[in-house]
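The following features are taken from TrEMBL:
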- B:59-76: transmembrane segment (TRANSMEM)
- B:88-108: transmembrane segment (TRANSMEM)
- B:114-134: transmembrane segment (TRANSMEM)
- B:141-164: transmembrane segment (TRANSMEM)
- B:184-204: transmembrane segment (TRANSMEM)
- B:234-262: transmembrane segment (TRANSMEM)
- B:274-293: transmembrane segment (TRANSMEM)
- B:302-321: transmembrane segment (TRANSMEM)
């Protein structure tokens, strides 16, 4: 399944948040959305998830308009993992993951739901915690449970907003690796990232947003150039092997 | 047997027992079975009249009103994801009461009896529409709008009491605000049942949406549960149920606040699992409270709403004590 934004724009209170964004998320790829704070990454992801209507342009799921699709059907095609989730209300880890099966309640058997939840918990390494109350988990564990919920949907499209922001390096690697595996199995994944090293390593394609526009899109090697770091982020980088590490500010006056 | 099923089973037995006791209890020593049989066969005996005209309507109303109050509390708490939410919190009960009091005040109810329930329903309905118009935003706005509505209805009730011309009307209003089923009639049952039943059906239909909402409004929406659709059903269901209840029984508070609190540890943290137990618990509480006010403890019969508040506030305080220092 292909998720496509067809030249979408959004203006809020005379601020141009997004300007003519044309983008595709294809099966088998992890598309990284990067860019400075306020570039419009999360807004774009919310529009792609159907949470926010663009002012102009359309969001298409295999050619069908996302906003005219029945909500339940949309829920089966598309899983969304927000940046911040509400505090767990004390449900068991399994019950939280099982919430991901709600869009399938009329189309799936109990056994199918159980299998999907087990696979999702296994994928994030939380099987042993299945009966624990989600209130007793650490921040990283809770993030993984919420990821399991999103995986349990088994949707062809997965949209994740900074999924590794609360995770330590080992867990961040595990989660990004998991996205890679999901893509190999045919899922189309778009993920908002701030960690450029992770983006360089795990994304098959990267789209760079700056002030509501896509300024560059392509493979990590093509996109993450020294010129782009200077232009978009205002930083000079030092190369450590293949990875570019932000090293010093080049033009702090340029940044808003 | 899971703890949930056990909880529902025990509560059902308690409700049935209290309902039966509610038919038996009363000053007139009559045979309940005989009375029911006479009533069903259309024999106009004293027992049939007492059962059919007095005890049965009172039992049915306590059961239905208590049930819908417990249910609406559980649904509202699921919707706003705050364990302190209640029909009173959203101002729906208050506006229903205001509607009824205005009818007292103008004397319309003395001329045309159905005006009273209709006014209570309209008050609750208007409060609902106002809430929906004000809450284009998230649930925080909903709670704040509810608080504003509650304050407004309290102020207008006080103004009405302040301006009321005759002491008799003022007594009627005070009496009615305290809530009672002592004058419940078959007519009341007919007036209130449609709203109570349709409201309950709407509230029960939100079970899955409330579960989805535990993940936040955005995730719930992407899973096919738009927030506004859930809000509509919960608020409309609550208005129908609470408005109908207020119309025939006056102000009965705290049932919707207390029952979900007491039952959450038994029913589990999933909001859908709290609806049925809270409804049963609310029915049991109101049946028990209504039995209590019939006890000949003092000269005057206690008002039902006073008893539920007396039971409710200590539990409320206890909950606040448990929650102290924790973010709600």
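Numbers run from 1 along the shown chain.
Placement of Cβ uses the backbone N, Cα and C atoms for every residue, glycine included.
Remember, TrEMBL labels are computer predictions, not curated facts.
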Item to check | Contact between the transmembrane segment (B:184-204) and the transmembrane segment (B:302-321) (at least 3 Cβ pairs under 8 Å, separation 6+) | outcome: no
Checklist outcome for this item: Note: vs the transmembrane segment (B:234-262), the recorded stretch with the largest number of Cβ pairs under 8 Å from B:88-108, B:114-134, B:141-164, B:274-293, B:302-321 is B:114-134
Next on the checklist: Contact between the transmembrane segment (B:302-321) and the transmembrane segment (B:141-164) is defined here as three or more C-beta pairs under 8 Å separated by at least 6 residues; is that satisfied?
Outcome noted: no
